[in-house]
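K.L.:
Right, I'll just put the structure down here and ask away after.
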Amino acid sequence: MTFEIYATCVIPISAFFASSLWFGNTAYLFISVAFIQMLKALMPVATFLMAVICGTDKLRCDLFLNMLLVSVGVVVSSYGEIHFNIVGTVYQVTGIFAEALRLVLTQVLLQKKGLTLNPVTSLYYIAPCSFVFLFVPWYLLEKPGMEVTQIQFNFWIFFSNALCALALNFSIFLVIGRTGAVTIRVAGVLKDWILITLSTIIFPESTITQLNIIGYAIALCGVVMYNYLKAKDARLTQTPVESIPDRAAKMTV
């Protein structure tokens, strides 16, 4: 870990990580949990665009049309939202693009820079820097309105929350190091469906309309098609490599 890599990779990753946490958590104050998960269907689109801009992926017509389908689905789902709030939506979308940049930069750090960082080492470098970036908006925006009497500390809730967040970060680094930034978002579709279902059961105000379901179904179709195209590309790149032993066996026969 040189100073150049720390300055060009670790600090930006930490900044975008902190931004995604702050904007994403603030959105919960304005919009429902179910609608937040529907907006998160934009994550593959944002990650693909950031990957193209950063040079880790190539712009292709079929993938672009696929991402356009996902975007249309999210727009339809947003139009059908009963408790639509523009402020919360802007917060969530901003957090999505910050998370996309973080994932792409993490892929650059793990794959393009030639580093062999395991998840613990990655968090060792990124977490303290992210704390510094999160401290700034807390001190300026949240601390003036906080009172000690308002804080109700429950050790088990905070401990279990932190443990889940730690396990999530470990799994994200493991997946990105072996696949790519977009794959981690495609794999999160099942998690989003589970969260939408549970949020409508636990929180009665998270009402889902028919347009919500139709829009998210359209977005899900786009995500599934993207996954299919990526799997097809992987098979095509593996075919020449796998055919070499077979060709050699035929020549010996």
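Quick reminder: no glycine exception, Cβ is built from N, Cα and C everywhere.
OK, TrEMBL features for this one:
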- 5-23: transmembrane segment (TRANSMEM)
- 10-227: domain 'Sugar phosphate transporter' (DOMAIN)
- 29-51: transmembrane segment (TRANSMEM)
- 63-84: transmembrane segment (TRANSMEM)
- 90-110: transmembrane segment (TRANSMEM)
- 122-141: transmembrane segment (TRANSMEM)
- 153-175: transmembrane segment (TRANSMEM)
- 182-203: transmembrane segment (TRANSMEM)
- 209-229: transmembrane segment (TRANSMEM)
K.L.:
Can you see whether the transmembrane segment (209-229) and the transmembrane segment (5-23) are touching - at least 3 CB pairs under 8 angstroms, only pairs 6 or more apart in sequence?
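P.N.:
Judged by the Cβ rule, the two regions do not touch, with the required three close pairs absent.
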K.L.:
Do we see three or more Cβ pairs under 8 Å linking the transmembrane segment (29-51) and the transmembrane segment (90-110), pairs being at least 6 apart in sequence?
P.N.:
yes
K.L.:
Quick one: do the transmembrane segment (5-23) and the transmembrane segment (122-141) have at least 3 Cβ pairs under 8 Å, skipping pairs fewer than 6 apart in sequence?
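P.N.:
Checked: the transmembrane segment (5-23) vs the transmembrane segment (122-141), in contact.
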